[in-house]
Amino acid sequence: MSFNGGFVQIAVKRIYDWARTEQWRHKLGFFAMGSSCSNHLGIPPPKGPNHVGCTDFMMDHTAQGSFFRLYYPCQETEKAEKPDWVPNMEYFYGLADFMKINRTWSEKIFEYLFGSYKIPAYMDAPFKSSEKCPVVIFSHGLGAFRTLYSAICVELASQGFIVASVEHRDESASATFYFHEKTEPGLTQESRPMSPSASDRDGLLREWMYYRALKHGESEFPLRNKQVKQRADECILALDKLTQMNSGVAVQNVLQTPFDYTTLENSMDLCRTAVIGHSFGGATVIESLCKEVKFKCGVALDAWMVPLDDEIFPRVKQPIFFINSEKFQWAGNISRMKKLDCTVIDRKMITIRGTVHQSFPDFTFLTGNWIGKLMKLKGEIDPELAIDLSNKATLAFLQRHLHLEKDFNQWDPLIDGHDENLIPGTNVILLQSSM
């Protein structure tokens, strides 16, 4: 069986195939809600003491620039609005294209199921923190994009972190965009102008980049290995951009948001930085730690280890925490995680009972019980309990290795799997041949 880490393509294909069956229009509403007595659907609000703001940064308009959603502690505000979970319909088009399904059908289905959801953070709200914030760089999974892990990112920000959720330009995102100058050659039919005022002022045209599928007969490893290296470089570049802002260096945000980035000067504790990611993003965590010692530790959520070269494992010197789902992992993948075991460096692994690979991204909160299990977006455990365990264990691990003066150590037992909903290590049986 091939595990490619692409949670989105599995979900989308099942939604599309099912939605085309007879009487789907009558049933979709019922299944989306789960039942008349189902819990309210939506991304869970953060639990930390800080209000959370978010904004988008794109530094350098080209595909080689840095693009990320920034989450941060903010001032309480009544004016700021909560942003749409999916910021552009082109992201849904990207999901449809790489699944080879009709855009018109998928637009209707996605808009019905997910179009009304908001991220529980305030767009472009003023930054506010009473102390310097540790920094996390977050890497999304295959077929995802920068906003799909907001439950994790807003929780970290509410607990005092500044989090940059990178949107990767390695053609592993379902869709992303950058800009061309109007005079540049080679514009495609996907090029779209910015708003008229911005387009006239800056002379930029929006260019969409979609997921790059494997070609017929193409081996997966060379492509994914090339991508994971680029992804790590993009995580490091995001950290570099935050470092510039923290130092008071003038930066240009191509997106021209109203957020005042100068308020971030001297706001970050860059001696306390970590990298976190899910699936392909989990592999990106390992690659990033190998390439950049400024990352003091990493948390890999249900990591897909296939893209990584074996030779990098002994070169990773930072602590790593693997938080796995119960249903996704297999012996070969776990054995690659085990290659990072070390007697002198903290390497931890836990498994959350009743979880599936999709228990980490936001989709799991946005579908009711029926459709969530049909699409394998939900496991047997309550999704909010699962993400709460993952977030608390993550915070405890970050406190331990970033040397934070917080109370996250109250969740230290979770790091070792001491909870009725956790398995210390893995539930996967490892045979000698897989080691």
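Cβ atoms here come from the backbone N, Cα and C positions, even for glycine.
Unlike curated entries, TrEMBL annotations are predicted automatically.
Remember, it's a predicted structure, so these values are computed and weren't measured experimentally.
There are 30 other Cβ atoms within 10 Å of the Cβ belonging to Ser279 (active site, nucleophile). Annotation source TrEMBL lists active site, nucleophile at Ser279.
The active site, charge relay system feature in TrEMBL is assigned to Asp302 (among others). In sequence order, His278, Ser279, Gly282, Ile323, Asn324, Ser325, Phe328, Gln329, His357, Ser359, Phe360 are the residues of the chain that are 6 or more apart from Asp302 (active site, charge relay system) and have a CB within less than 8 Å of its CB.
The active site, charge relay system annotation in TrEMBL covers His357 (among others).
For His357 (active site, charge relay system), the count of additional Cβ atoms within 10 Å of its Cβ stands at 26 [all protein chains shown].
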